[in-house]
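Noted in Swiss-Prot for the protein shown:
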BINDING   122, 123  Mn(2+) 1 binding site
BINDING   122, 297, 340  Mn(2+) 2 binding site
DOMAIN    78-349  domain 'PPM-type phosphatase'
């Protein structure tokens with residue numbers, strides 16, 4: 001496993017994280033130094049603007065009749081990513097890839113191991129909002145918030161992490177409102193994936209998507225916050241907004257949750273059709289979990305979750321390279337005429353005893369039998 005941290009961006013912007021920065025998918029430049037076995041739960045943010053945390057299911061960290069191999073499982077994390085401007089004139093996607101979070105914030109926090117953090121930001125109305133959140137992500141999500149400190153993951157810890165993530169989304173949203181250099185009509189969707197030990201927690205506001213592959217089956221770890229989502233449509237209409245026939249919020253946005261876009265939001269504390277509160281899902285990783293795919297809507301506009309999982313799974317079986325898998329996913333979406341920027345992140349979970357060899361599905365293996373005559377000929381050939 002290579003412990004690395006990566007922030008990828010397209011524009012030439014000042015770097016603020018102590019990590020390697022990549023301009024698109026080119027070579028890295030150094031940044032200046034600055035700062036169904038287990039439980040599956042979902043937390044939906046309140047629509048009133050207050051912070052709420054739904055209770056964590058008791059079986060998310062079971063200790064009773066659970067298979068001991070599940071309790072002993074520790075994922076080994078590696079990842080890759082790829083981004084392409086697609087047919088658009090400007091690149092408004094940003095993403096973060098940190099395989100070893102402890103190496104980045106270890107001086108500030110005690111974290112369970114392994115720990116990792118990933119994010120995709122899909123900007124609109126310009127690239128500034130997505131770039132701003134990406135640049136300040138460590139501060140928003142870890143430094144400014146009361147992120148819980150412990151080396152052990154428990155139900156209490158999970159609740160505290162969820163609250164911290166929810167606050168981070170709201171604080172990032174407020175920071176965009178206060179930054180005079182960012183237009184009120186500029187915004188970004190945001191999806192983050194945090195791994196702490198066996199815990200995977202995904203927070204989402206917008207139409208990026210995270211999909212977990214469990215034994216080849218796609219499990220959505222986020223919901224698309226689009227006007228066609230009936231629950232989102234109801235919330236928007238109850239908040240005084242409206243959805244047009246062609247699927248736009250207040251005739252402007254194709255999403256119902258986003259950071260920024262303060263020209264569409266009422267004053268802080270008021271109920272607005274467009275909100276920044278994330279929807280949070282969490283799951284306990286097991287040996288059955290192979291990888292996580294995170295992508296912007298440019299991927300999901302033309303690919304289903306299961307199609308994306310199948311593409312990545314085939315790639316890992318061929319070459320076992322998550323970066324190549326991310327590129328293949330983007331190229332497949334482009335081949336299907338995606339009309340947006342495209343970003344894909346592939347996070348692999350691999351137990352220590354699997355090695356680096358790709359796992360070949362049983363159905364791909366072939367057995368051959370020899371006739372007695374052929375067997376005798378082969379033995380004579382081997383015996384010389």
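Cβ from N, Cα, C; glycine included.
Features per Swiss-Prot, on structure.
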| residue | record | DSSP (3 states) |
| --- | --- | --- |
| 122 | Mn(2+) 1 binding site | strand |
| 297 | Mn(2+) 2 binding site | helix |
| 340 | Mn(2+) 2 binding site | coil |
Any idea what the model's mean pLDDT is for the domain 'PPM-type phosphatase' (78-349)?
95
Alpha-carbon distance [residue 122 (Mn(2+) 1 binding site); residue 340 (Mn(2+) 2 binding site)] in Å:
10
Residues close to Mn(2+) 2 site centre defined by 122, 297, 340, Cβ within 8 Å:
93, 189, 207, 208, 296, 298, 299, 300, 301, 341, 342
Are there residues of the same chain, six or more positions away from residue 122 (Mn(2+) 1 binding site), whose CB falls under 8 angstroms from its CB, and which are they?
92, 93, 130, 188, 189, 206, 207, 208, 296, 297, 298, 341, 343
What is the total of other Cβ atoms whose distance to the Cβ of residue 123 (Mn(2+) 1 binding site) is within 10 Å?
28
Where among the binding-site residues 297, 340 do you find the Cβ with the fewest other Cβ atoms within 10 Å?
340
